[in-house]
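*Asks:* In case it helps, TrEMBL gives these features for our protein:
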type	residues	note
TRANSMEM	36-59	transmembrane segment
DOMAIN	37-428	domain 'Major facilitator superfamily (MFS) profile'
TRANSMEM	71-90	transmembrane segment
TRANSMEM	102-121	transmembrane segment
TRANSMEM	128-147	transmembrane segment
TRANSMEM	167-186	transmembrane segment
TRANSMEM	198-218	transmembrane segment
TRANSMEM	238-264	transmembrane segment
TRANSMEM	276-301	transmembrane segment
TRANSMEM	321-339	transmembrane segment
TRANSMEM	351-373	transmembrane segment
TRANSMEM	379-400	transmembrane segment
TRANSMEM	412-430	transmembrane segment
Amino acid sequence: MEPSSPRKPHLSSLPLDSENKATEFHPFSNSPPHMLAFHLAWLSLFSCFFSTFSIPPLIPIMRQNLNLSAADVGAAGTAAFVGSIFSRLAMGPVCDLVGPRIASAALSLITAPIVLATAFISSPTSFILVRFLIGFCLANFVANQFWMSSLFSPSVVGLANGFAAGWANMGSGVAQLTMPLLYSFVKSFNVPENTAWRVIFVVPAAFQAITAIMVLIYGQELPLKDSIKVSNKPKESFLRLLFNGLMNYRGWILGLIYGCCFGVEMTMDNIVAQYFYYRFGVNLQVAGTIAACFGLTNWFARPMGGVVSDQMAKLFGVRGRLWGLWAVLTVAGLLCVLMGRANSVSGSIGVMCLFSVFVQAASGLTFGIVPFVSKRSLGVISGMTGSGGTVGAVVTQMLLFSGDKFSTQTSISVMGFMMIICTLPISLIYSPQWGGMFCTPNETSIDEEDYSLLV
């Protein structure tokens, strides 16, 4: 991949490996180019999550004003995830070709006006359409993880990916918390209810546009380009990169697994405020605050998954990363089952918080494995895995949370059982260099150049 601009690179204050990837990760530093890019990447994706999940906490109000049925709300929730499936899959090859900085900023700037268009919704159809189009901005997740994988060495890439995505995912929790408060603030000036919720959507739209501009101005992809070892092999075409990625069965398994952790997380972000509002009768602000607790645990939970992945790798190699992912995701599934069976507000909140920690850590563990699947088609594999997350959200939303076939609490428990079953394919992931859960690596070594061509 070539950098998307010829700007003079910054010298790094971090120790670098032979590819000029940082071998240390300091999340509270903003030194260019590595750590500055880290902060730009997570903040930009944070704004996209904030935009996407700014609508769910206001649905009880919007539902009255727009005469939305339960089927409309369910269809809109599904549409929000469908919108990001194909955009995430396409984002991977785009990052391979133009770089994550340009890809990320362009998508944010394109979708920001759509976020603002939420203020002009007037019917169930337009409500569903807007949620569908806003969902496209979540493809920035692929650029986020691609960017981190290109800047940080294998020894800390799980940590970097975990922090970048975890802090970004907090955008969903912050939206759940702040949008009801903004609504109440605007309404306190005697603004009509039907106008108050519309006005506040200028906040996520402006936030998303501003962060995109910051990425364009201050971001940098591959530092010190001139000293990076150049491969003797010719640069491959877009279609070749896409084909190689799609033919890698490991990418499909990781997509399934990600659908069972991040997909479930997005589904919960979509329904948890309504769940507490309707089942336990709490008011809108309290429901939003409870829902925010689920998303805000990303501040430490997903990075913790990256830490666990890297530590397991130090002890057992990539096999340790696989075993760690299986164990954490299995526990998350069990907690999801238990949450659906909790019958008190306090019990549900307690189990929900534990569940959020494990399911978000599983997402971090998943992307601790992605960089080891294929360097040649890293963007495609990242896109496949990221798309799997949204496919998982669509499937769970459609099967379990659309219509009134099942109660919400029953659907949550069933979702937990689905997670546990879907952990089994992790055992099928194997490569000669790294081995698998039950298989040791091949004794015949593979040099770095051959590894970069693994499919």
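A Cβ is built for glycine as well, from the same backbone N, Cα and C atoms used for every other residue.
Caution: TrEMBL annotation is automatic and unverified by curators.
Computed from a predicted structure; not experimentally measured.
Distances, neighbours, how buried they are, the whole picture for these features please.
*Replies:* For the transmembrane segment (36-59), same-chain residues at least 6 beyond its ends with a Cβ under 8 Å from one of its own Cβ atoms are 10, 25, 27, 30, 68, 73, 76-77, 80, 100-101, 104-105, 108, 111-112, 115, 118, 131, 134-135, 137-138, 140-141, 143-144, 147-148, 151, 160, 163-165, 167-172, 174-176, 179-180, 183, 197, 201, 203-205, 207-208, 210-212, 214-215, 218-221, 269-271, 273-274, 284, 287-288, 291, 295.
With a threshold of 8 Å between CB atoms, the same-chain residues lying at least 6 positions outside the transmembrane segment (102-121) that come near it are 4-5, 41, 44-45, 47-48, 51, 54-55, 62, 66, 87, 91, 94-95, 127, 130, 133-134, 136-137, 139-140, 143-144, 147, 198-199, 201-202, 204-206, 208-209, 211-213, 215-216, 219.
Using a Cβ-Cβ cut-off under 8 Å and counting only residues 6 or more beyond its ends in the same chain, the transmembrane segment (167-186) has close neighbours at 41-54, 56-58, 61, 141, 144, 196-197, 199-200, 203-204, 265-266, 269, 272-273, 284-285, 287-289, 291-299, 302-303, 360, 363.
For the transmembrane segment (198-218), the residues of the chain that approach it from at least six positions outside its boundaries are 32, 36, 40-41, 43-44, 46-48, 50-51, 54, 101-102, 104-106, 108-109, 111-113, 115-116, 118-121, 137, 175, 179, 182-183, 186, 191, judged by C-beta separation under 8 angstroms.
Sequence-distant contacts of the transmembrane segment (238-264), counting only residues of its own chain at least 6 positions beyond either end whose CB sits under 8 Å from a CB of the stretch, comprise 81, 92-93, 96-97, 325, 329, 332-333, 336, 359-360, 362-363, 366, 369-370, 373-374, 376-377, 379-381, 383-396, 415, 418-419, 422-423, 425-426, 428-429, 431, 455.
Long-range contacts of the transmembrane segment (321-339) within the same chain, counting only residues at least 6 positions beyond its ends with a Cβ under 8 Å from a Cβ of the stretch, are 158, 257, 260-261, 264, 305, 308-309, 312-313, 348, 351-352, 354-355, 358-359, 361-362, 365-366, 368-369, 372, 412-413, 415-420, 423, 426-427, 429, 436-437.
Sequence-distant contacts of the transmembrane segment (351-373) (same chain, at least 6 residues past either end, Cβ-Cβ under 8 Å): 145, 149, 154, 157-158, 161-162, 165-166, 169, 248, 250-251, 254, 257-258, 260-262, 264-265, 268, 272, 290, 293-295, 297-298, 301-306, 308-310, 313, 318, 321-322, 324-325, 328-329, 331-332, 335-336, 338-339, 342, 381-382, 385, 389, 419, 429, 431, 434, 454.
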*Asks:* Counting a contact as 3 or more Cβ pairs under 8 Å, with residues at least 6 apart in sequence, do the transmembrane segment (128-147) and the transmembrane segment (412-430) touch?
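*Replies:* Contact absent: fewer than 3 Cβ pairs fall under 8 Å.
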*Asks:* Apart from its near flanks, which chain residues at least 6 from the ends of the transmembrane segment (276-301) lie with a Cβ under 8 angstroms of it?
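*Replies:* Same-chain contacts beyond the ends: 53, 56-57, 60-61, 165-177, 179-181, 184, 268-269, 345, 348-349, 352-353, 356-358, 360-361, 364, 408-409.
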*Asks:* Apart from its near flanks, which chain residues at least 6 from the ends of the transmembrane segment (379-400) lie with a Cβ under 8 angstroms of it?
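*Replies:* For the transmembrane segment (379-400), the nonlocal Cβ contacts are 1, 74, 77-78, 81-82, 84-86, 88-96, 135, 138-139, 141-142, 145-146, 149, 241-242, 244-246, 248, 250-252, 254-264, 266-267, 270, 363, 366-367, 370, 373, 406, 411-412, 414-415, 418.
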*Asks:* Near the transmembrane segment (412-430), which same-chain residues lie under 8 Å Cβ to Cβ, leaving out any that are not at least 6 residues past its ends?
*Replies:* 249-250, 253-254, 256-257, 259-261, 264, 267, 275, 322, 325-326, 329-330, 332-341, 359, 369, 396, 400, 406, 436-439
*Asks:* Averaged over the domain 'Major facilitator superfamily (MFS) profile' (37-428), what pLDDT does the predicted model reach?
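*Replies:* Within the domain 'Major facilitator superfamily (MFS) profile' (37-428), the model's average pLDDT equals 90.
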